[in-house]
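Below: the structure, in structure tokens.
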Amino acid sequence: MNNRNYNIYFHTHTISGIITAAVLYVIFFAGSFSFFKDEISAWQSNTSQMQHKGHHFDYQLLLDSLDQKYDLQGRSLLFYLYPNSSNSYVNMTVSQDTVHNAKAKETAYFSYDFLQKKESSYDQNYDLGEFLYRLHFLAQLNQAIPLRTGYPIGYLIAGLVAFLFLFALITGLLLHWDKLVANFYQFRPWAKWKTIWTDLHTVLGVIGFPFQFVFAFTGVILIVNVVFLAPFSKLLYQGNMEKIYQELEYTNDLDVPFLYKPLDKKIDIQQYIDRTQKLWPDAFLNRITIKNYGDESMVLAIESEADRTRSFAGTGTIAYQIKTDKVIHQRSPYDQPTYIAIMKSIVYRLHFGDYGGYFAKIVNFILGIMGCVVIVSGILIWLVARDKPNVPAHKRKFNFWLANIFLAACLTMFPVTAFTFVVVKILGNADRSVIYHVYFYSWLLLSLYYIIRKNLNRTNRETLLLGTLLAFAVPVVNGFFANNWFWNAWRLGATDIFFIDLFWLILGVLGVISYQKVRKRNLEKQTK
Amino acid sequence: MPANKKYLTHSILQRWLKITAGFFGGYGVVITFFLMLSFVFERKNVLITGIVIGYILWAVLLLFAFLAKSGWKIWAIYLLLIVLFSLPYLLCSFKLYPSICNCASVLLLFSYSRPSSNPLHKNSFDWKKDASISISKTKFKRILFAEY
């Protein structure tokens with residue numbers, strides 16, 4: 001490789017890396033936990049979804065109670081359902097029929113639990129799983145920064161960071177290209193500090209490269225596909241963004257003209273849903289649309305995803321006209337999927353890691369945390385490489401100041417996350433504002449403390465110890481406050497709750513081992 | 001061992017030219033490249049392909065801009081590419097060469113669309129013809145992010 005190119009790769013890699021490091025760490029850390037979003041939700045609410053797998057969802061009961069409360073005549077309803085969850089979101093529009101419906105102007109958007117048969121608002125239903133999931137694309141920043149950009153600011157920042165990360169990955173790979181094979185084996189844990197950081201960064205970076213690359217580019221796509229699509233909507237679709245999303249199969253909403261003639265028939269939605277489920281065995285019905293309820297034009301549309309062991313990318317839709325009992329449109333999820341469905345499925349499956357059960361999720365989690373290590377070691381290389389007598393004092397001061405803040409903010413995430421798990425369990429029912437307060441304030445306080453202490457070694461050691469202790473506390477409070485001791489959860493078949501406890505226990509054990517190593521190392525250094 | 005300064009760009013103007021060329025120029029090249037392809041292949045398939053590989057292409061173009069010897073030169077190259085790639089669109093929309101607009105429909109015959117084997121399809125309506133389809137932006141956001 002010529003020297004000029006090498007140094008350009010080096011420099012652009014360093015700059016894009018140091019700009020994105022702190023935010024990227026947050027994304028990686030929260031994102032790694034998000035692989036277990038469903039399990040965390042089950043853990044927090046003490047309701048195992050595993051225990052109730054294959055539970056029958058009673059739509060008729062829900063519709064009847066909604067009918068009494070809001071009068072469904074002339075409305076359209078949308079149900080969003082999620083795999084491994086009895087929780088759904090229901091969106092109810094205004095009624096087009098103002099003659100027969102006194103409450104026509106009212107709308108509703110709420111979440112409904114099919115198991116507990118209970119309605120709740122989005123805020124009430126917000127849990128730690130949702131919080132960590134949304135933190136990993138910086139959704140909380142949308143409200144925090146009052147900047148109107150036409151697109152949520154948090155998502156834009158997350159998108160930009162993911163894009164720069166993609167760039168840093170490409171330059172990083174080119175940088176190490178010539179000695180790629182040698183780098184695989186080059187780990188010298190007993191050498192001096194800078195060598196250790198460099199080795200850690202290179203070895204884990206090289207091993208984790210395919211994983212990180214996949215997450216960088218699928219992440220950019222998922223969070224800011226609007227950046228790519230916006231010009232096309234202007235140029236090819238007369239500015240109609242909805243049309244693009246329609247064509248790319250993101251949305252599939254039908255507009256059926258309202259006839260203003262009440263339907264003279266008993267409406268049995270349940271029967272259609274059962275029929276559809278039988279038609280496509282093991283398919284997951286993820287969106288149910290009822291158009292013009294109680295009108296002669298009434299249509300029921302069901303969208304589904306294929307059982308992923310049988311079709312990787314299949315998505316299906318079916319629409320019934322209630323009046324005539326006829327199927328007016330059908331595409332089976334087990335048909336040959338379209339090119340669009342295949343491409344999108346690749347992106348989604350790869351990013352969500354939901355193709356291989358717990359094994360795939362755990363591997364993804366480990367690789368995600370390895371990404372965190374690569375980022376932290378990157379920051380340390382950056383600092384140590386510039387900590388030399390020939391670098392001016394003010395620059396060295398700035399470098400230390402930056403690394404100090406970055407490490408304090410990043411490394412405190414581990415204890416803060418464990419702490420929030422503990423608090424949420426002790427409080428019993430924690431909604432959105434509680435989680436926000438506990439997580440963000442404890443994070444702020446703890447990082448401020450370590451920023452003031454100005455000791456990188458101490459930050460590392462103490463956050464590790466604190467996180468480890470709190471990690472052990474997670475299964476214990478789950479036992480004390482919810483009686484979900486390991487053995488109880490296991491006996492009841494609540495494998496998701498059991499998994500989260502076991503997961504924290506293992507994190508705790510790993511924490512103890514790492515802490516021992518760090519301490520021993522530190523003592524050796526002091527005696528030298 | 002930070003990068004050897006000898007090989008890096010020292011002029012601030014040059015540096016900004018390269019950054020802007022890579023970021024904005026690179027973006028323009030990616031967009032117009034897929035715009036051109038949309039006149040050859042079926043539009044929605046081009047779009048989804050663009051979503052998947054467009055960002056990687058953009059990142060590579062950003063890197064090329066840094067590797068360039070001169071910021072002016074790389075801006076010139078990217079602008080030239082942008083103009084070149086948007087030719088089919090310009091020719092079509094300004095009716096300079098209208099038949100290019102139909103070129104896509106000819107090629108459509110060869111692209112990804114095959115009749116379904118499912119017999120139920122035959123007596124069903126055409127989804128697109130029978131129901132004009134609409135969705136509001138807020139609703140779309142809700143679907144994507146389960147958000148208000």
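Residue numbers in this text run from 1 along the chain shown.
Including glycine, each Cβ sits where the backbone N, Cα and C put it.
Feature list (source: TrEMBL):
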type     : residues  : note
TRANSMEM : A:12-36   : transmembrane segment
TRANSMEM : A:153-175 : transmembrane segment
TRANSMEM : A:196-229 : transmembrane segment
TRANSMEM : A:362-384 : transmembrane segment
TRANSMEM : A:405-428 : transmembrane segment
TRANSMEM : A:434-452 : transmembrane segment
TRANSMEM : A:464-485 : transmembrane segment
TRANSMEM : A:497-515 : transmembrane segment
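Here the transmembrane segment (A:362-384) lies next to the transmembrane segment (A:12-36) in space: the count of CB pairs under 8 Å, restricted to residues six or more apart, reaches at least 3. The stretch in closest packing with the transmembrane segment (A:153-175), judged by the count of Cβ pairs under 8 Å and taken from A:12-36, A:196-229, A:497-515, is A:196-229.
Counting Cβ pairs under 8 Å to the transmembrane segment (A:434-452), the stretch among A:196-229, A:405-428, A:497-515 with the most such contacts is A:405-428. Through the fold, the transmembrane segment (A:405-428) approaches residues 21-22, 25-26, 29-30, 33, 44, 127-128, 132, 372, 375-376, 379, 434-435, 438-439, 442-443, 446-451, 456, 459-460, 463-464, 466-467, 470-471, 473-474, 477-478, 481-482, 504, 507 of its own chain, all at least 6 residues removed from its boundaries and within a Cβ separation under 8 Å.
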